[in-house]
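Worksheet: the structure to be examined is printed underneath.
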């Protein structure tokens, strides 16, 4: 060993930059946007990312002789310039599948976005996309139910699901919370939702909320003859408490529960998804904290990666932004990660931000949830953008109706059904949106009032995180 081992430090690119490498079908591929420190060659920066996110460290170590480094190392196989950015570049890295525990999104992210993000040779680093190989996808549970099964359980077909978040999201007692749920569901919504930060606070303990909500859901079902539901947030201080809440929701015969998957963590989320699969429950996923990670265009993790990871970890619905509402997200980027939630195969398409072909095989799809600053005037655009396999959630756009939540729900239901009918008749619903809504309002005073109330409300701000295309 003494003859073969050369102690010291050598450049990362000598080992981890391999431009002649052809990725294998079983490799996990990642695209990083890198901005190195001044004077550090691109090849060295890219190789450092490959090394520090796989087998490498800053020094040559004797124990490398005990490992087949050529088999296990990550390899930067391509570098591309970023359009319109003279400092940043894309590094494409291939990782052998044996570096990762089967079915563990936690383990994948610990490697790819772990210590390397604090590396001094980098000014900025962003994980833009991942190509998960089919060999890894087959080890993941994925959505507990998926789009088709969820529609069957809710008996909703041919249109998006319609919902809302209960407002005010904090401060209501359990009984008053249940009352608001009932008003929304009897007014015409399919589903209502806990907000992401409702857990079990002093003003409203979780068990009290669950009981009053269950009463409201069942009463609304009896009155309307429709299947109704409410996303009961089971996110908790410990996994044990999370499962306790999920079990109680099942005892109450509720169809769907909810989890904050980023703040709760992927280990907890995968466990809860497995529980839902075994117990016949639907799982709604909120993305609270995502913008801390994904909004900066130079540093962090793009939401398309977080969306892919959620589909693998498990969830039947995921918040994706709205394009037209109050939250960040342009149309093409949003469509790109919605495709990765719902489709069985998504081709590389830089105009949608997809850097790789992604084959999902037979893994069920995830409903895209549009929520945040939307109202009846947005309905035609939302239907055109998100299509039928989505859930449109109007919080303030329901409860802010001058006649109350039931009237707000009715207005949204009439608007949605009018847009679906117009689309099915071949009309261009975005171009004819005003005419479609005003025609429907002639037969719905609730919609007429909603259109008047929200006519001046727009969220026209430039997108911070734009696609890097010329």
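Numbers run from 1 along the shown chain.
Placed from the backbone N, Cα and C atoms, the Cβ positions cover glycine too.
Database features (Swiss-Prot):
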type	residues	note
ACT_SITE	167	active site, proton acceptor
ACT_SITE	286	active site, proton acceptor
BINDING	115, 165, 169, 287, 319, 371	substrate binding site
BINDING	193, 195, 196	Mg(2+) binding site
MOD_RES	193	N6-carboxylysine
SITE	326	site 'Transition state stabilizer'
Check your understanding: Can you list the residues of the same chain, besides 193, 195, 196, whose Cβ falls within 8 Å of the Mg(2+) site's Cβ centroid?
Key -> 165, 166, 169, 194, 197, 198, 231, 233, 258, 286
Study note, to complete from the structure: Here the Cα-Cα span from residue 167 (active site, proton acceptor) to residue 195 (Mg(2+) binding site), rounded to a whole number of angstrom, reaches 8
Review point. For residue 196 (Mg(2+) binding site), which of these binding-site residues sit within 10 Å, Cα to Cα: 115, 169, 287, 319, 371?
Key: 169, 287
Revision key, fill the gap. 115, 165, 169, 287, 319, 371 bind substrate per the record; greatest CA separation between any two, in Å, is 37
Revision key, fill the gap. As a whole number of Å, the Cα atom of residue 195 (Mg(2+) binding site) is distant from the Cα atom of residue 371 (substrate binding site) by 11
Review point. Relative to the Cβ position of residue 165 (substrate binding site), how many further Cβ atoms are located within 10 Å?
Key: 22
Practice item. Specify the count of other C-beta atoms within 10 Å of the C-beta of residue 196 (Mg(2+) binding site). Key: 20
Study note, to complete from the structure: Rounding to whole Å, the Cα atoms of residue 287 (substrate binding site) and residue 193 (Mg(2+) binding site) are apart by 14
Exercise for review: Find the shortest Cα-Cα separation between residue 286 (active site, proton acceptor) and the binding-site residues 115, 165, 193, 319, 371, and name the residue that gives it.
Suggested key: 319
Check your understanding: Three states by DSSP: which one describes residue 193 (Mg(2+) binding site)?
Key -> strand
